[in-house]
């Protein structure tokens, strides 16, 4: 069921950009935004109807299951927490402080429940995989535009990436039947790390805009004597154009304007191109093949479903989701700290370090589980 739902998700990722792209091409961007808004409102109604129907036809969803030996301790802790909160409410603290203490206590209890689970390392490893710029999000697409990739080619690459994700779901079901769930996660982790080596190679390949001097402090004794000198030059990225002149890649924001296809820069010739496309080819080759990550994601998801007792399943999955979003937020903070295209190679290396750490946590969990 998990694999089937993921296949539906990947097929949607293929069809949705095609449909919206046609609307924007035949009409306008405004009409395309209106189409997306109307589709989401319609989907909200359908989703509410289906969820309500499932809730009605499965009465067990509205009934607390009978306690078993593993759940009794959790219920006793809940009763103790309820008594403690009752005592807090009758204190003279203002209501806002009482609510804050209740929120803090709830979060702490959730983290304790998450930490006690045998699959704690596997879930934390999955969260670490969210701190990455190696995915088809706005950051990677923006970098691709700066490297001379057209919008049509980028859309095609996104479709190929979704197809690769579909292949990952098929591989998951077959591997799980052959080698088991834990070993499936190990195999998918190794494949994922192998694919990301291509991304690391792209950082140092011809055509890469990385500037290793950025690793040095921006302010030094030499630059302090010349304010606006070397420090400002480090933040400029230039392309060697075919005509032999250099143009700044990221001009002042006022010179950016939107068209129906992509973002153009007024003071940069439309025919600009890097010296070599080897770097960007290796990057996207690694990103697309790394969609086997979906296989690892499904493995950890099913481990969380099978190994956590029902009474704590909602709490633990809530903490897992918060960890995923927290690590995803971290990768946006990374980009804010290093926003220029020549910073992207450094972000790729940091992303690979986070991903390797996450997979290492899963390897440790698998070793303990066996």
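Placed from the backbone N, Cα and C atoms, the Cβ positions cover glycine too.
Note: TrEMBL annotation is automatic and uncurated.
Sequence-distant contacts of the transmembrane segment (37-55) (same chain, at least 6 residues past either end, Cβ-Cβ under 8 Å): 61-62. The annotation transmembrane segment is assigned in TrEMBL to 37-55 (among others).
If you look up TrEMBL, you'll see 119-145 (among others) marked as transmembrane segment. Here the transmembrane segment (119-145) has long-range neighbours at 151, 154, 157-158, 161, 185, 196, 199, 262-263, 280, 284, 286-287, 290, 293, 296-297, 300, 303-304, 307-308, 316, 320, 323-328, 330-332, 334-335, 341, 344, 347-348, 350-352, 354-355, 357-362, 364-366, 368, meaning same-chain residues at least 6 beyond its ends whose C-beta is under 8 angstroms from one of its own.
Marked as transmembrane segment by TrEMBL: 151-173 (among others). Under 8 Å from some Cβ of the transmembrane segment (151-173) lie the Cβ atoms of residues 3-4, 6-7, 10-11, 13-14, 17-18, 21, 136, 141, 144-145, 184, 188, 261-262, 284, 287-289, 291-295, 298-299, all in the same chain and six or more residues away from its ends.
Summarising the annotation, TrEMBL assigns transmembrane segment to 185-205 (among others). Residues 122, 134, 168, 171-172, 175, 179, 276, 278-283, 285-287, 289-290, 292-293, 295-296, 299-300, 303, 345, 348-349, 351-352, 355-356, 359, 362-363, 366 of the same chain, all 6+ positions outside the transmembrane segment (185-205), place their C-beta atoms under 8 angstroms from a C-beta of that stretch.
Sequence annotations record features per position, and here TrEMBL assigns transmembrane segment to 276-294 (among others).
Here TrEMBL flags 344-365 (among others) as transmembrane segment.
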